[in-house]
Each structure stands twice: as C-alpha cells, then as structure tokens.
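Per TrEMBL, the features are as follows:
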- B:SER166: active site, nucleophile (ACT_SITE)
- B:ASP333: active site (ACT_SITE)
- B:HIS366: active site (ACT_SITE)
- B:ARG236, B:ASP367: substrate binding site (BINDING)
- B:61-370: domain 'AB hydrolase-1' (DOMAIN)
Amino acid sequence: MCAKRLHMPDPLDILTDALIMSHIERGSRVIDLGCGDGRLLNRLKVEHDCSVLGVELDYKQFVACVSRGVPVLQANLNKGLEDIPSGSFDFAVFSQTLQQVNRPRAVLEEILRIARRALVVVPNFGHWKVRLQVVLQGRAPVTDSLPYEWFESPNVHFLTMRDFRDLAMRGNFRIVNELPIIGNRAVGRAWLPNLRAHSALYVLERSGD
Amino acid sequence: MATDIEHTPETDPRSVGLVEKQSVTLFHPPHELTLEGDKSLGPITIAYETYGQLNEARDNAIFICHALTGDAHVAGRRRPEDRKPGWWDAFVGPGKGIDTSKYFVICANVLGGCQGTTGPTSPNPATGAPYGINFPFLTIADIVRVHKALIDYLGIDRLLGVVGGSLGGMQVLEWAARYPDSIRSAVVLASGPRLSPQGIAFNAVGRRAIFTDPRFRDGDYYGQEDKPQFGLALARMIAHITYLSEKSIQMKFGRKLQHSDELTYDLQRETEFQIESYLHYQGKRFVERFDANSYLLLTRAMDYFDLEEAHGPMRESLARTDARFLVVSYTTDWLFPTGQSREIVSALLDARRDVTFLELDSPHGHDAFLIESELPMLHDVVSPFFDVTYASHARH
C-alpha cells in the first residue's frame with residue numbers, strides 16, 4: 001500500500017471536533033453515535049459543561065471512553081437505538097458514520113427521535129479527486145479523506161452532497177444548515193461545494209418541529 | 001473458576017493474603033429490624049470480610065454483594081492450607097479488577113443465609129433452637145437494610161461503589177433505590193430489575209425438590225443425622241443448568257460418556273453422560289456447604305424482588321441517586337438475558353443518569369462473571385470505571 005493511502009486522521013478530526021463544538025450550546029445534553037474513544041464528548045463535558053453519552057461498538061474504543069469517564073453504551077447502530085428514550089438529547093453527533101450504516105435514512109430518523117438536533121458529518125464522494133480517480137483510473141477511489149481500499153472500507157454507502165440533500169427531502173427531517181468542509185475549514189457559502197468539499201456538516205431537525 | 005495454589009497467600013503479591021471472618025451483632029431488642037413481611041427480627045449477627053485499608057476520608061469503600069449461594073469470602077484464604085481462595089479472588093486483590101491496594105472492600109453474608117449472618121440455622125433467642133422453617137420471611141430489601149446497618153457501623157457515610165452479579169445485582173439496584181445518597185457508583189452484572197417467570201419456574205422446581213425430600217421433615221431437620229440432601233442437591237442441579245449455556249455445556253461436555261466409550265443400556269446407571277456426572281458432583285458439593293431452609297428463603301426472596309413493584313417506575317426510583325452506573329450483561333446468559341439489563345439502562349437514560357452499558361461476548365452463560373477467563377474483559381471496564389469515579393469525587 002502506498003504512503004498516500006495511509007490515514008492521518010488527527011488534524012481533520014480536530015477540525016471537525018471544533019466545528020461540531022461550535023454548533024453545540026453550553027450545558028446541552030449530547031449523544032455521540034460512533035463516538036470512538038470519547039475525545040469529543042470529554043471535551044464537551046469539560047469545556048462546555050455538557051451532559052454526554054457515547055455509543056460505540058468497538059470494544060477498545062469503548063474501554064477508552066470508560067477510562068475518560070465518558071458514559072457509553074456498546075451498541076450497533078444498525079440494530080437501532082430503541083433503548084434510548086425519545087427526546088432524551090438536545091444534540092446528536094453523527095460524524096463520519098452515516099456512510100457506514102446499512103439503512104442511513106432509518107438511522108437518521110431514529111437519531112432525530114432521540115435528539116432535537118443532529119449534527120451529521122458525511123464524506124462527499126462528489127469531490128473532484130474522487131471523480132477523477134473513477135474516470136481516469138477506472139478504479140474505486142482512495143484519497144486522503146477516503147483512505148480505504150474498497151475491500152476493507154467500513155463505508156457501505158457512497159453519497160455526495162447532492163445525494164444527501166435528496167435524502168433529506170424524503171426523510172422526516174430537514175436541513176437547517178449545510179457547511180461544506182473544504183481543505184481544513186468549513187465554508188458557509190462555497191463556490192461549487194459538491195466538487196470541492198471532501199466532507200460536509202449538516203445540521204438537521206425533525207420536520208415537524 | 002478454581003485456581004491451583006502457585007504461591008502461598010502470604011507471598012503472592014496479587015492476593016489479599018490471609019483474611020479473617022469478622023462479625024458484629026446489631027438490631028438488639030428493642031431495636032429489632034421490622035422485616036418487609038412485618039415480622040421483626042433481632043438481634044442480627046452479620047458476618048463479613050474486609051480487604052485493603054479504609055482511608056482517612058472514609059471514601060474509598062466498595063461493597064460487594066454476593067449471589068444466591070455465595071458468601072462473604074470473596075478473596076484470599078482463611079487458612080494457608082485452604083485449597084481454594086474466595087469466590088472472586090481473580091477479580092478482587094492488589095492490582096486486580098477491584099483493586100484492594102486502592103480501595104477498602106467489604107463483602108458480607110446475606111440475611112437468611114447459612115454462612116454466618118443470622119439465618120434459619122441460627123438459634124432463635126426465644127427457644128434456643130435453630131429457627132429452621134420458622135425463620136421469618138425476608139426480601140432483598142431486608143438483606144440490603146441489614147448491610148446498610150453494617151456500613152453505618154463501619155462508619156462509612158457513602159460507598160464509592162456497590163457491586164454485584166445476579167442476585168447481587170438485584171441488591172445493587174435496591175441499594176440505589178433505597179439509599180440513593182449512600183453510593184457514588186453502582187455496578188450491576190448479569191442481573192435485572194426482577195426475575196423472569198421462567199426463572200421463578202426453575203426456583204419453584206428446586207423448592208419442590210426440597211419439600212418432597214422425606215428427610216426435610218417440614219424444615220425441622222437440625223440435629224438429625226440424615227440431612228435433607230437429596231432435594232437440595234436436585235435443586236442445585238436444576239439451578240446449575242440455568243447458570244450454564246447451551247454453548248458452554250457443548251464445549252465442556254458435548255455428548256461424551258462418563259465411564260466408557262459405549263452406552264450401557266442400563267436404566268439403573270445414574271451417570272451415563274459426562275454432563276450428568278458434573279451435575280451430580282455440583283449437587284453433592286452444594287449440600288456440604290448449604291442449608292435447605294436458607295435455599296428456600298433466598299430463592300423466594302429472589303422471586304419476590306421487583307424493583308418497580310417496590311419503588312415505582314425505575315426512571316423515578318433510579319433518578320433519586322446521582323451515582324454513576326455500570327451495567328454489564330453476557331451474550332449467552334438466559335437466566336438474566338441482555339434485555340433485562342437494557343431495561344435498566346433505558347430507565348437510567350430516561351432519568352438522565354450517568355450510565356455505561358456493555359454486553360460481553362461469552363460462551364459461559366449466566367455464570368460468566370465468575371469464570372476466570374472472562375475476568376480480564378470485566379477488569380478492562382470495572383477498573384477504569386472505579387478509578388474515574390474515585391478521581392471525580394476527589395476533584396469536587
């Protein structure tokens with residue numbers, strides 16, 4: 001595997017964390033679905049005085065959460081979140097995980113059952129590098145932000161920003177805010193975002209609210 | 001579960017070493033304990049063991065609740081020549097899951113048991129003879145109330161944690177609902193807010209086995225030479241099946257025969273398969289250490305336990321404590337299936353409490369939390385859980 005295909009997540013994750021945190025009010029109740037080692041939740045707890053809960057399937061990551069003092073449920077997002085009572089949270093964070101679940105629309109609706117607002121970060125497979133790789137090389141893309149070979153990728157769905165907007169039209173929720181992430185920053189009004197953003201942050205709310 | 005002695009208890013740095021059973025007598029008349037069944041009982045002797053040191057602030061105490069037929073002897077050895085250490089020796093000790101170099105650990109025998117705390121085998125002060133079947137009816141709440149009195153006696157206002165599996169887990173829930181300000185954290189393993197009807201059914205068959213043993217003599221068998229061992233052994237055999245899993249029986253015994261490679265075609269033969277031999281052995285060993293009247297009482301207490309029946313909806317009763325919760329279930333536990341744990345978790349989330357939940361993958365069924373090979377996983381979670389609870393308290 002070439003060096004380019006190695007994943008260097010930290011700078012991007014820190015950026016995403018900061019971006020997510022800027023959308024969460026102090027003292028809120030926050031759930032992070034696919035919370036990894038609980039780093040973001042711990043920051044929300046310590047710096048923003050939030051009351052937090054993580055959901056994570058991976059055992060090592062789960063233990064890391066416990067060691068940080070972040071309360072966490074070991075659960076598979078594909079099997080639903082039915083143990084979590086409706087309206088338990090002010091915010092749900094769903095970062096770089098939507099493309100990994102079997103039924104994204106059902107999971108999003110479930111998330112908006114348990115939380116008032118959802119902050120969803122998704123990779124944009126409409127990015128020009130991805131498009132170029134597919135067109136020129138005729139191969140599944142491997143880029144800095146999508147660093148997996150197709151056969152070991154956790155991603156089971158491939159979506160673009162346009163696709164996500166379509167999904168939001170069909171689901172029982174609406175997009176309150178769309179923030180394309182270009183390079184290492186989130187841009188409120190970007191030119192050609194679907195071509196230039198490697199990821200996007202969406203703020204979602206239930207349609208009824 | 002048993003480990004062979006590789007070190008003597010005095011030299012093994014990972015053992016709590018030699019421990020002594022202690023006891024205290026409380027609830028002297030006229031301050032008897034009024035039991036849930038409205039009868040009063042006193043005086044009550046409570047037998048317990050402690051490990052590690054209580055610190056000056058008295059805020060590092062962890063109370064361990066034992067399961068149905070367990071006892072206060074949770075770790076270490078009482079005599080150097082003891083072949084087996086306490087029932088959770090691999091989990092309780094210096095540097096272990098519950099670290100006795102940091103925490104002061106207490107485990108007490110339950111009320112109504114037969115290992116030192118007042119129960120049917122204890123002399124009734126009114127007659128001088130053992131209580132026997134006349135021992136008053138008791139509940140999990142009564143057990144916990146007695147243990148709370150012990151904690152008060154030890155001068156501990158608030159426990160750092162209360163931990164228990166199975167019936168011990170029920171006690172933990174009762175602690176949280178009844179004494180919300182007395183605990184900083186609660187660890188509930190392989191347990192639930194009530195026993196399932198299926199669990200009650202198994203207990204019922206066990207009790208019937210004891211009642212129909214001719215030697216049971218309506219519970220008045222103390223002083224007799226022939227104890228009611230057949231019924232009690234049978235009760236244990238039935239219960240033991242519920243502690244295992246299809247997978248663990250398959251792994252350990254399969255359909256292997258006990259005595260030869262061929263079937264004997266002999267109905268009189270008590271053990272043909274290895275699993276039969278194992279169950280008989282478990283039954284036989286059990287009657288050596290347990291009392292039939294205690295078994296009747298404690299299984300009934302377990303059947304009766306219903307946290308919601310006693311304290312109202314869990315989301316309200318568990319909301320009274322600000323303790324942190326850790327709930328653990330096992331994939332192959334069919335006595336307390338994961339759904340039971342999830343019910344607790346759901347109520348805690350509804351109550352906006354701090355809860356961590358994990359279903360551990362184990363082939364060992366309900367007993368997994370006692371199986372040595374499963375303990376490293378539990379250690380990974382319980383140890384940091386207590387560390388964080390202790391540190392967060394120190395900060396405040």
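A Cβ is built for glycine as well, from the same backbone N, Cα and C atoms used for every other residue.
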**Study point:** Rounded distance in angstrom between the Cα atoms of B:ASP367 (substrate binding site) and B:ASP333 (active site)
**Key:** 8
Check your understanding: In Å, rounded, how far does the Cα of B:ARG236 (substrate binding site) sit from the Cα of B:SER166 (active site, nucleophile)?
Key -> 16
Review point. In the structure shown, with every protein chain counted, which of the recorded positions B:ARG236, B:HIS366 has the densest set of Cβ atoms within 10 angstroms of its Cβ?
Key: B:HIS366
Point to revise | Fewest-neighbour residue among recorded positions, criterion Cβ within 10 Å, set B:ASP333, B:ASP367 | key: B:ASP367
Review point. Who sits close to B:SER166 (active site, nucleophile): which same-chain residues at least 6 apart have their Cβ under 8 Å from its Cβ?
Key: B:ALA67, B:LEU68, B:LEU189, B:ALA190, B:SER191, B:LEU335, B:PHE336, B:HIS366, B:PHE369
